[in-house]
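So TrEMBL lists the following for this protein:
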- 96-120: transmembrane segment (TRANSMEM)
- 141-161: transmembrane segment (TRANSMEM)
- 167-184: transmembrane segment (TRANSMEM)
- 196-217: transmembrane segment (TRANSMEM)
- 223-243: transmembrane segment (TRANSMEM)
- 264-284: transmembrane segment (TRANSMEM)
- 290-312: transmembrane segment (TRANSMEM)
- 324-343: transmembrane segment (TRANSMEM)
Amino acid sequence: PNGVVDQALSPSHQRFYCSSAVPSPSPSSGSVIKLGFLANKSDAYLPLSLKARDAVQLARHYGRCYWELSKARLSMLVVATSGTGYVLGSGNAVDLAGLCYTCAGTMMVAASANSLNQVFEINNDAKMKRTRLRPLPSGRIAIPHAVTWASSVGFAGTALLACKANMLAAGLAASNLVLYAFVYTPLKQIHPVNTWVGAVVGAIPPLLGWAAASGQISLNGLILPAALYFWQIPHFMALAYLCRDDYAAGGYRMFSLADASGRRTAAVAFRNCLYLIPLGFIAYDWGVASGWFCVESSVITLAISAAAFSFYRDRTTQKARRMFYASLLYLPVFMSGLLFHRLSDNPQCLAENPNRIIELPSFPEAVTESEEDDQKKKVRYVTAAPQGRAPVAYASIAPFPFLPVPSYVDQ
């Protein structure tokens with residue numbers, strides 16, 4: 001229905017193809033589009049170069065439609081949080097192949113969830129300025145085609161996580177898809193609590209990455225999801241305040257629409273920024289990151305809190321936009337700092353990797369100068385050896401807080 005006449009393709013035939021830029025009248029009865037391919041019988045006699053050009057145009061058209069349906073930039077942000085969770089849960093060694101599989105599976109599931117979101121909100125998107133040019137409202141792709149795309153990539157992503165990661169990661173991915181597409185999406189038109197449900201959806205990907213790497217959900221793995229949850233509230237509140245007229249036209253029940261003065265919206269944003277402050281200390285106290293991350297996290301959290309407080313005092317579009325940009329800067333800085341200052345040999349990692357635990361059995365041949373002087377008793381440290389090597393026992397004085405550098409001998 002949105003065919004565009006392109007005289008440059010063939011001087012003797014009017015060629016029709018779908019375009020996302022300019023709508024035009026329906027094609028004539030002599031040229032019919034069927035799944036993007038021309039039905040003219042004379043197409044078989046066209047030069048090969050023209051056919052190749054048509055194929056390239058078709059691939060670009062559907063590639064752009066899939067890109068927009070998937071909300072690719074948002075999906076890549078989800079992949080970044082999932083990859084960060086995977087690295088944090090990997091301990092000393094990061095399996096690069098496993099990281100790639102996890103990121104690919106997460107990308108597919110996120111693309112599926114975003115595509116289904118647009119399928120369900122096609123009528124609402126058509127009423128909003130910033131969404132009416134999406135593939136479905138603009139008619140650039142049919143609803144059955146979009147549903148087929150979403151179902152295919154969602155199933156493929158979940159299967160990839162189940163085969164290459166573990167069932168726990170696949171279950172988290174599938175549950176997040178259902179929560180986003182079938183709970184959060186319809187809730188946007190029912191109740192303002194949808195913002196908090198959406199924050200839960202955004203907090204699951206880093207937990208998915210942690211589970212894919214470690215095979216379990218541990219207390220240390222909840223730090224980054226907590227940061228994602230509390231970060232999303234001020235981020236969404238700023239966006240909802242800036243786009244409140246558009247959301248009202250689309251029929252969405254956002255929190256900011258019932259707050260004409262914006263005071264409650266700004267207060268909620270500021271309160272959740274304050275919840276982010278202790279996360280840096282918790283990461284340090286639990287042995288996930290070093291003390292430097294505690295300092296860096298406190299600085300950037302105070303910065304976003306200052307922007308939120310400024311918005312609370314002066315509820316203008318300029319202050320809301322400033323808080324929105326501050327939230328965009330906060331997340332990559334927080335995750336980068338957590339990765340840079342992470343401690344891979346923390347007690348949690350040792351507990352999850354028994355082969356790295358240093359055993360301290362009693363040394364039967366220990367020699368002491370005095371029976372009352374226990375500090376000089378020698379103990380034997382048995383270190384974990386690489387595959388194909390035998391562990392070597394070392395003797396060391398107990399009071400010293402260091403272990404001797406191990407070396408290995410062939411079996």
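Counting starts with 1 at the first residue shown.
Backbone N, Cα and C atoms are what each Cβ position is placed from, and that goes for glycine too.
Tell me what's around each of these sites.
Listed as Cβ neighbours of the transmembrane segment (223-243) (distance under 8 Å, sequence separation of 6 or more from its ends, same chain) are residues 81, 84-85, 88, 130, 195-196, 198-200, 202-207, 210, 254-257, 262, 265-266, 268-270, 272-273, 275-276, 279, 282-283, 286, 288, 304, 308, 311, 315, 317, 320-321, 323-324, 327-328, 330-331, 334-335, 338.
Counting only same-chain residues 6+ beyond the ends of the transmembrane segment (264-284), those with a CB under 8 A from a CB of the stretch are 223, 226-227, 230-231, 233-234, 237-238, 240-241, 255-256, 290-291, 293-298, 301-302, 304-305, 308-309, 311-312, 315, 323, 338.
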For the transmembrane segment (290-312), which stretch among 141-161, 196-217, 324-343 has the most Cβ pairs under 8 A?
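Stretch with the highest Cβ contact count: 324-343.
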Contact between the transmembrane segment (167-184) and the transmembrane segment (196-217) is defined here as three or more C-beta pairs under 8 Å separated by at least 6 residues; is that satisfied?
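These two stretches do touch.
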